[in-house]
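For reference, the structure discussed in these notes is given below.
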Amino acid sequence: MRGALWTVVHTLVSLPLAFAVNIVVARVLDVEGYGRLTFLTTVIGIVGVVAGMGVTTALIQFGAKAHAAGRTQEVRRLLSASQGFRIGVSGPVTALVVLAVVHVDWWLLVLALFFGVGAPALLGGAAPALTIENRTDRSAQITMIGNILVQGAIVLAVLTLGTADSVWSARVVAGGLTLALPLLSIAREYRSAVLTPAPPWRLPRAFWKFAVPTGAAAVLGALVTNRTEVVILDWFSDERAMGLFGLAFGLAAHVYAPAQAFIGPLVPAISGLSEVDPASVGRAFLRTTRAGCVLAGLLLASALPALAALVPVIYGEGFAGASDMLIVMGVGSAVLLVGSPHMAFLMARLGGRRILMVNVISLACNLVAAFALIPLFGAWGAVVACVLGMLVRAVQISLGEAAAWGVRLSELGRSAAPIGSASLITFLLWLASRNVDLSPVPVAVLTAAVGFLLFVGATRVTGTGLTSADVRAISSALPSPLMKTGGMVLGLLRGRGA
């Protein structure tokens with residue numbers, strides 16, 4: 001329960017802070033500079049996933065099982081050998097890419113390499129060790145503190161140096177410094193293992209058998225969901241297009257963070273449920289779908305049109321073109337949010353090969369659309385390609401898991417109906433707001449209020465909202481201080497007769 005409480009606190013603190021800092025960055029860098037920052041963040045992030053080869057994921061899986069069984073020495077061997085992999089493989093690969101694409105003063109580049117590449121290579125095993133120990137409360141606390149430090153460094157860099165490359169460098173330097181925090185919190189025997197790297201070939205064959213395909217699936221998944229369209233935009237378009245697309249993508253992710261915090265408590269129990277009570281997994285699948293669709297639909301119908309109307313006011317007229325893109329990106333992100341918990345059901349079946357195939361198909365659709373549309377339509381081509389990749393991935397996972405757990409398509413369609421009604425409400429409100437002769441702030445307030453009322457009304461009239469059992473299940477999984485308030489909010493989203 002402490003872990004859940006601190007996760008919520010972390011979300012409530014970090015989300016508004018990141019949103020505010022993003023405004024400062026966009027205002028100072030303007031569209032072109034923001035596009036450059038988006039490019040750097042995306043490219044280096046993808047390189048990190050590729051260079052990691054699934055080692056961290058495998059470390060957590062194998063390490064958690066060994067830790068739970070009391071096999072401390074086995075955990076130590078895994079930590080040491082995986083640390084050797086970071087130092088000998090992933091660190092050098094990432095450093096080469098940084099040298100190739102980042103252009104800053106030499107002293108800033110040295111700092112970025114030391115703290116942004118060297119520190120993760122030397123200390124990167126500490127955070128997974130904390131996860132292995134199941135210290136979710138401490139992990140949330142450290143993540144929150146680290147986020148505050150990183151956001152502070154970003155503000156300092158953007159206000160003093162004012163370039164995209166310097167902002168990226170400040171982010172990775174501060175991020176490297178925060179890696180010392182989990183090192184101080186893990187068990188002493190694990191700390192010594194992290195600080196004593198061993199050759200990576202000492203990792204067992206079963207470890208690599210899991211890590212390599214998992215890493216491949218993670219790379220493909222990252223290429224689908226992590227705005228990799230900016231790389232193609234860099235080839236065929238300009239930094240202005242990258243800036244508009246990057247802002248729309250980032251804001252769409254911000255909108256659904258509260259829904260993710262509510263859905264999160266449903267996910268951890270899925271794997272265990274599939275073992276102890278397989279017959280009830282189908283009901284859990286439908287409950288997760290309803291919860292995700294209703295909560296995402298509420299934000300889609302109310303928050304998204306309001307935020308889109310305020311983009312020129314908050315970020316400046318240069319970003320006005322991102323408003324329409326945000327509406328389209330928001331619909332795709334809502335569907336992706338609903339599909340994310342379904343991934344937990346797929347993982348519960350140990351469907352590694354299925355995950356890889358889903359990501360291959362999704363990436364193929366994404367790339368075909370991107371190369372076909374971006375040269376012709378620039379940022380809008382990137383938006384369409386990104387949303388297409390999201391939809392293909394989410395639909396494959398959701399339909400596949402519904403069939404695997406014996407859920408009829410009619411039941412799945414009814415549970416997912418709130419996303420359809422919310423999308424319709426969102427597009428109608430956005431079209432109406434474009435023809436209203438009011439300033440952006442009143443338009444945002446009106447669209448938020450009308451969207452909320454229309455969505456709540458639609459779920460009640462159609463009976464596609466949450467059931468009473470859904471409300472109780474989600475509320476009981478929330479931290480104690482939030483149970484009452486969360487239950488009241490969720491109660492508004494019950495379907496008629498539920």
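From the backbone N, Cα and C atoms, a Cβ is placed for every residue, glycine too.
Curation plays no part in TrEMBL annotations; they are all automatic predictions.
Record features, source TrEMBL:
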- 36-63: transmembrane segment (TRANSMEM)
- 84-102: transmembrane segment (TRANSMEM)
- 108-130: transmembrane segment (TRANSMEM)
- 142-162: transmembrane segment (TRANSMEM)
- 168-186: transmembrane segment (TRANSMEM)
- 291-315: transmembrane segment (TRANSMEM)
- 327-348: transmembrane segment (TRANSMEM)
- 355-374: transmembrane segment (TRANSMEM)
- 380-400: transmembrane segment (TRANSMEM)
- 412-432: transmembrane segment (TRANSMEM)
- 438-458: transmembrane segment (TRANSMEM)
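Here the listed stretches are 84-102, 142-162, 168-186, 355-374, 412-432, and the one with the most C-beta pairs under 8 angstroms to the transmembrane segment (291-315) is 412-432. Between the transmembrane segment (108-130) and the transmembrane segment (36-63), the number of CB pairs under 8 angstroms, six or more residues apart, is three or more, so the stretches are in contact.
Most Cβ pairs under 8 Å to the transmembrane segment (327-348), among the stretches 36-63, 168-186, 355-374, 380-400, 412-432, belong to 380-400. Nonlocal intrachain contacts for the transmembrane segment (355-374), taken as residues 6+ away from its ends with a CB within less than 8 angstroms of a stretch CB, comprise 213, 216-217, 220-221, 223-224, 228-229, 232-233, 236-237, 343, 346-347, 380-382, 384-386, 388-389, 392-393, 396-397, 400.
If you look at the transmembrane segment (168-186), the same-chain residues 6 or more away from its ends with a CB under 8 A from one of its CBs are 37, 40-41, 44, 102, 104, 108-109, 111-112, 114-120, 123-124, 126-127, 129-130, 133, 135, 138-139, 142, 145-146, 149-150, 152-154, 156-158, 194-195. Here the transmembrane segment (412-432) has Cβ contacts under 8 Å with residues 286, 289-290, 293-294, 296-298, 300-301, 304-305, 308, 324, 327, 330-331, 334-335, 338, 398-399, 402, 447, 450-451, 454-455, 458-459, 462, 464-465 of the same chain, all six or more residues outside its ends. Residues 40, 43-44, 47-48, 50-53, 55, 109, 112-113, 116-118, 120-122, 124-125, 165, 168-169, 197-200, 202-203 of the same chain, all 6+ positions outside the transmembrane segment (84-102), place their C-beta atoms under 8 angstroms from a C-beta of that stretch. Outside the transmembrane segment (380-400), and at least 6 residues removed from its termini, the chain residues within Cβ reach (under 8 Å) are 221, 224-225, 227, 229-230, 232-233, 241, 245, 248-249, 289, 325, 328-329, 331-333, 335-336, 338-339, 342-343, 346, 354, 358-359, 361-363, 365-367, 369-370, 372-374, 409, 412, 416.
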